[in-house]
Amino acid sequence: MFQSDTQYSKLRWLLTIAGLILFVSDICTDIRLGLKYFQQMQYIWSGLTVMFVLIGLIVTQIFSYAWYRDDMSDVFQNHDGTTTISGVSEGGLAAMHLLGLGIFFRYYQLLKKGSNVVWMRTNSYTVEELKDVHHELFCEATDLSMLKLFEAFLESVPQLLLQLYILLGQDECSVLQYISLTFSFCNVALALVDYRRCLRRSLPQIREMPSGLPTAIYLLYKLGTITSHILSYTILLILSTYSVIALSFVWLVGTIWTHTLQSKFCTSKSLEFLYRAVAGVILTFTFFNVKGQNTKVAMTIYYIFFSVVNLMALLLLAFLKPELQTSPFYLTLSGSIIGSSVLGLVCLVLYYALLHPRGRRREADEVDGLGRETQATKRIRNFLQP
């Protein structure tokens, strides 16, 4: 029997269900909140809330459909030359994605195939065949985790920023707003960990991310730095709505940097430009290794810059709103930004210095020589972070 760490386990299958429930709950609460703003005649908040939901859904549907088409044209993955995926024709897939059901179809396929492997006791597979089945499941799980990552940073993270801005500017807050914030935060947390673990497990040449302490430290690093960035952006937006221009500039710089690195994630140029724009959004909130290269210098510069932004936001708030310096609001906000930033950076150093898989066995940041690569494996290899 092959090693257990290469198996698509029952726990992974159950976590997929949890991810689906959280994904649906996040979208539903945000839509319900948007409708509530509309009923209260707060049309700007309603429009922005629903807009982020639509952007996240539309972009993930575009990538999902494009990847299905790539899989159809892949002779190694679709060796019999059929024009269907799991019995669904290309036209059916197009209609499904136009209706926004593409990601749900991926969930259905993964849960269906996974249940046949992890819950059904069968001896019909040889050891080598079982390895291929589990590897295929991880490839499909990784595609889904990539889409969830895109959705998290196009919908959940901007939603956190928007709802915090609204909450801090209002005297009264509704329970629905807090529920929306909670689901968005949890969706981001699960998307980050799920993406990271699936990505490394999908390539046999790359050492997987250990569970337990390394995963917890990695999650704290990401959530700490992202939280401090969101809170700092919220302060800047409260001080001046023109800060949107500055945020757009940060996104543009991230997009241009991704373009300069000549990322090769997609098979078409137009889709590659969309991917680079999405990477720019992710870079606005957290560091993102676009090509899997050694990025110690780039990461250091990135977090120095954002530490300066966090400090600047607090100083501007103290200078422009001196009456708040002794208020519980300012003290709580300052403590949250400084605390989450320090926690995130400390966990960043701990993870990459002591817990990162490459710390124990030297591996290239980009994986070459995979031989017969499916389109899914190519996406994973081009998407890999160190």
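The chain as shown is numbered from 1 upward.
Including glycine, each Cβ sits where the backbone N, Cα and C put it.
The transmembrane segment annotation in TrEMBL covers 12-31 (among others).
Per TrEMBL, the feature transmembrane segment maps to 43-68 (among others).
As annotated by TrEMBL, transmembrane segment applies to 88-108 (among others).
Residues or ranges marked as transmembrane segment in TrEMBL: 175-193 (among others). Same-chain residues lying 6+ beyond the ends of the transmembrane segment (175-193) with a Cβ under 8 Å from its Cβ atoms: 18-19, 22-23, 25-26, 29-30, 32-33, 36, 145, 148-149, 151-153, 155-157, 159-160, 163-164, 166-167, 215, 218-219, 222-223, 226.
Per TrEMBL, the feature transmembrane segment maps to 230-253 (among others).
TrEMBL lists 273-290 (among others) with the feature transmembrane segment. Here the transmembrane segment (273-290) has Cβ contacts under 8 Å with residues 59, 62-63, 149-150, 153-154, 157, 222, 225-226, 229-230, 247, 250-259, 261, 263, 265-266, 298-299, 302-303, 365, 385-386 of the same chain, all six or more residues outside its ends.
Under the heading transmembrane segment, TrEMBL lists 302-320 (among others).
Feature annotation from TrEMBL assigns transmembrane segment to 332-354 (among others). Here the transmembrane segment (332-354) has long-range neighbours at 214, 217-218, 220-228, 231-232, 235, 303, 307, 310, 313-314, 317, meaning same-chain residues at least 6 beyond its ends whose C-beta is under 8 angstroms from one of its own.
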